Amino acid sequence: MKLMRIINSVLRSPLSKFSLHIIWGLAAGAILLTLFGKLASKLLENELILFDTSITHFIQSFASAKLTSFFIGVTQIGSAYFEIALLLVLGWYLLFRLKHFWETVILVISLAGGSCLNYLLKSVFQRARPDILHLVEVNGYSFPSGHAMVSTTFYGMIGYLLWLNLRKQGKSSWYVPVLTVFLILAIGLSRIYLGVHYPSDVLAGYAAGGVWLAACIIALQSIRFYKGQKYNPNI
């Protein structure tokens with residue numbers, strides 16, 4: 001019994017909790033990076049045509065006027081203009097109302113860093129957009145999807161911060177990751193439905209965005225720990 005209490009005490013220590021968060025973050029990042037690498041390899045070997053074509057045709061087989069209007073609205077939530085406006089509002093609230101300086105910094109980095117990384121990756125792969133009807137105006141390269149990637153980093157970080165805050169207050173928080181994932185998936189799906197991205201673009205965007213999100217979360221928790229704050233995974 002004494003040994004169990006010692007083990008339990010060690011596992012509950014701030015360093016152990018911090019280490020577990022780092023391990024989970026690194027593991028998730030490694031898995032997503034591997035997925036991105038696989039997709040990039042398949043793209044360079046021109047082995048994604050059948051995959052992309054079959055999924056695109058299936059999704060667009062449900063096309064209707066109402067569904068098109070819905071997805072045009074959804075895709076706007078993943079636009080740079082909308083995300084920057086939302087960042088300004090949330091940044092102001094986090095910084096001046098809640099006095100959460102580092103949370104604000106990391107939220108900015110999640111959006112700005114994700115956008116810059118997406119631009120870099122697009123420039124490297126230079127994949128042309130699908131040669132089909134585009135239901136919204138687009139420009140630039142296709143791989144990986146900027147909407148999918150940046151929505152994963154930005155909305156993923158918003159969801160994470162909200163989840164932490166609700167847990168700190170002892171409130172129910174299970175629905176936050178569910179809604180966050182639903183929003184990110186809907187934004188990615190809208191890009192395929194509207195004909196501006198291949199499915200593999202969207203999957204690659206999720207993978208690359210997930211890697212950057214994991215890095216941002218690790219950075220935030222590292223700052224909290226090394227700044228000498230009382231470490232608690234629930235805050």
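Placed from the backbone N, Cα and C atoms, the Cβ positions cover glycine too.
Heads up, TrEMBL stuff is auto-annotated, nobody curated it.
Through the fold, the transmembrane segment (21-40) approaches residues 48, 125, 143-144, 200, 203-204, 206-208, 210-211, 214-215, 217-218, 221-222, 233 of its own chain, all at least 6 residues removed from its boundaries and within a Cβ separation under 8 Å. Annotation source TrEMBL lists transmembrane segment at 21-40 (among others).
Summarising the annotation, TrEMBL assigns transmembrane segment to 70-94 (among others). Long-range neighbours of the transmembrane segment (70-94) within the same chain, counting only residues 6 or more positions beyond its ends whose Cβ lies under 8 Å from a Cβ of the stretch, are 100, 103-104, 107-108, 111, 115, 135-136, 147-148, 150-151, 154, 158, 161, 183, 186-187, 189-191, 193-194.
As annotated by TrEMBL, transmembrane segment applies to 101-121 (among others).
Annotation source TrEMBL lists domain 'Phosphatidic acid phosphatase type 2/haloperoxidase' at 105-217.
As annotated by TrEMBL, transmembrane segment applies to 141-162 (among others). Counting same-chain residues at least six beyond the ends of the transmembrane segment (141-162), those with a Cβ under 8 angstroms from any Cβ of the stretch are 36, 40, 43, 75, 77-80, 83, 87, 90, 94, 103, 106-107, 110-111, 113-115, 117-119, 121-123, 125-130, 173, 176-177, 179-180, 183-184, 187-188, 190-191, 196-198, 200-210, 212-213, 216-217.
Taken from TrEMBL, the feature transmembrane segment covers 174-196 (among others). Outside the transmembrane segment (174-196) by six or more residues, the chain places 55-56, 59-60, 63, 67-68, 71-72, 74-75, 77-78, 129-130, 132-136, 138, 142, 145, 147-148, 151-152, 155-156, 158-159, 162-163, 166, 202, 205-206 with a CB less than 8 A from a CB of the stretch.
According to TrEMBL, the transmembrane segment annotation covers 202-220 (among others).
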By a Cβ-Cβ criterion of under 8 Å, what residues six or more beyond either terminus of the transmembrane segment (101-121) are in contact with it?
80, 83-84, 87, 90-91, 94-95, 143-144, 146, 149-150, 152-154, 156-158, 161, 205, 208-209, 212-213, 216, 219-220, 223-224, 227
